[in-house]
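J.: The structure's right below; bear with me while I get my questions together.
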Amino acid sequence: MASYNKLLHAVFLLLLVLSFVAQTSGESEAGAAAPPQCGSESGGGCHNKAHALKLKIIAIGSILVMSMIGVCLPIFSRVVPALQPDRDLFALVKAFASGVILATGYMHVMPDSFDCLRSPCLPINPWHKFPFTTFVAMLSAILTLMVDSFSMSYYKKKSSQLIVEPSERVKNETGGLENIGHCHTNVAVGLDEKGSQLLRYRVVAQVLELGIVVHSVVIGLSMGASDNPCTIRPLVAAICFHQLFEGMGLGGCILQAEYGNKIKAIMVFFFSVTTPFGIVLGIGLSNVYSENSPTALIVVGLLNASSAGLLNYMALVDLLGSDFMGPKLQGNVKLQIWAYIAVLLGVGGMSLMAKWA
Ligand SMILES: [Zn+2]
C-alpha cells in the first residue's frame, strides 16, 4: 500500500512538472505561428535536432506510463467494493468513459480530418469541392453498425442452434416430456440474453480500440517527425494527459467486456504502445515523412474520418444510448441526472485536451 502511495505521489509530481514546462514554453512560443508551408516545416528560431531527440525520448517513457495508468485505472477499480457492476458509482464511471469517447470522436478525430483534407497543400479539385470527411465518417458509421448487427445475429444463430439441440435430445430421450423441455428453454433464453449482451460489450471494446489507435499513432507520428523543441515541449504534457484520459475511456469499456486477464493485458499493452510507437516511427521517418505532403494528408485525413464515424456511432449508440435507455438508469431519475453530469465532465475534459493534441 505504501509503495502504491509513493507511486501516486511520483505521478502527480511528474504531472505538475510537465504542466509547468508546458506553460512556460507555451508562453515563449506565442506569436511565432507562421502560415502553413507546404513541404518541409521551417523550424523558425527553434530548431535543434539533438535537443528535440532528448525530449522525444522523455516523451516516449512518460506517455507509455501515463497511458498504462489511464487504461488500468478503471480495470483495477474492480477491487473497490463501491465500483462493482451493480453499484451506482459504476454507472457513473461508465458514463464518464462514454463521454470521453464521444469527445474523442467529435473534438479530436473529426477536426483533424477536416484539417488534413481541407489543407491548402491539397489540389482544389476534388478535395475542396466535396466534403470527404463527413462522407467517409458517414460510411464508416454504417460499417460499424453492420459489424455490430452481423456479429450479433451470427451469435444469436449459433447459440440458438446450441439451445435447440440439447432440448430436442431431452424430449426424445424422455419420450416428449413437455415440462422438462419448457424449463430447459427458459433457462437457455436467460443465458442467451446475458451472453449476447456480453458479446456486444466485447465487440464494442475491440472496435473502439481500433478506432482510437489511428488518432494515437498520428499524434505520436507528428511529434516524432518534428525537430522543433519549442513545439515538442508543450506537446509532451498535453499528450500525456490526452492518453491518460483516453485510456480511462477505453479502460471503462474493457472493464465491462469481462475479458480474461490475458486478453485484458494484450488490450492494455496495445493501447499503451500506440503513441510511443508513433513517436519512434516519426523519428525513423523524420527525413522522409512530411506532415504536409499530399500523400500524408490524404491517408491521415481519410483514416481520421473513418475513425471519427466509428467513434461517434459507438459512443452514441453502443455506450450512451444503451446505458441511458437501459433498465438501471431508466429506473432511477436521480442517478440519471448524475450520469449526465459524469458524461459532461468526460466530454468537457477531453474537449479541453483538444486545444493541444
Ligand atoms: Zn487528440
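Keep in mind that glycine also has a Cβ here, set from the backbone N, Cα and C atoms.
Curation plays no part in TrEMBL annotations; they are all automatic predictions.
Not my notes, these are from TrEMBL:
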type: SIGNAL; residues: 1-26; note: signal peptide
type: TRANSMEM; residues: 57-77; note: transmembrane segment
type: TRANSMEM; residues: 89-110; note: transmembrane segment
type: TRANSMEM; residues: 130-150; note: transmembrane segment
type: TRANSMEM; residues: 203-223; note: transmembrane segment
type: TRANSMEM; residues: 267-289; note: transmembrane segment
type: TRANSMEM; residues: 295-316; note: transmembrane segment
type: TRANSMEM; residues: 337-356; note: transmembrane segment
J.: Between the stretches 57-77, 89-110, 295-316, which one has more Cβ pairs under 8 Å with the transmembrane segment (130-150) than any other?
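T.: Maximum Cβ contact count belongs to 295-316.
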J.: Let me check one thing: do the transmembrane segment (295-316) and the transmembrane segment (203-223) come into contact, meaning three or more Cβ pairs under 8 Å with sequence separation of at least 6?
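T.: Contact between the transmembrane segment (203-223) and the transmembrane segment (295-316): present, because at least 3 Cβ pairs are under 8 Å.
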J.: Sort out for me which stretch, of 57-77, 89-110, 267-289, has the most Cβ pairs below 8 angstroms to the transmembrane segment (337-356).
T.: 89-110
J.: Taking the transmembrane segment (267-289) as the first stretch and the transmembrane segment (89-110) as the second, find out whether 3 or more Cβ pairs fall under 8 Å, excluding pairs closer than 6 in sequence.
T.: no
J.: Quickly jot the same-chain residues contacting the transmembrane segment (89-110) by Cβ under 8 Å, restricted to those at least six beyond its ends, or write none.
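T.: Cβ under 8 Å, 6 or more out: 74, 77, 82-83, 133, 137, 208, 211-212, 214-215, 245-246, 248-253, 256, 304-305, 307-308, 310-312, 314-316, 319-320, 323, 328-329, 335, 338-340, 342-351, 353-354, 357.
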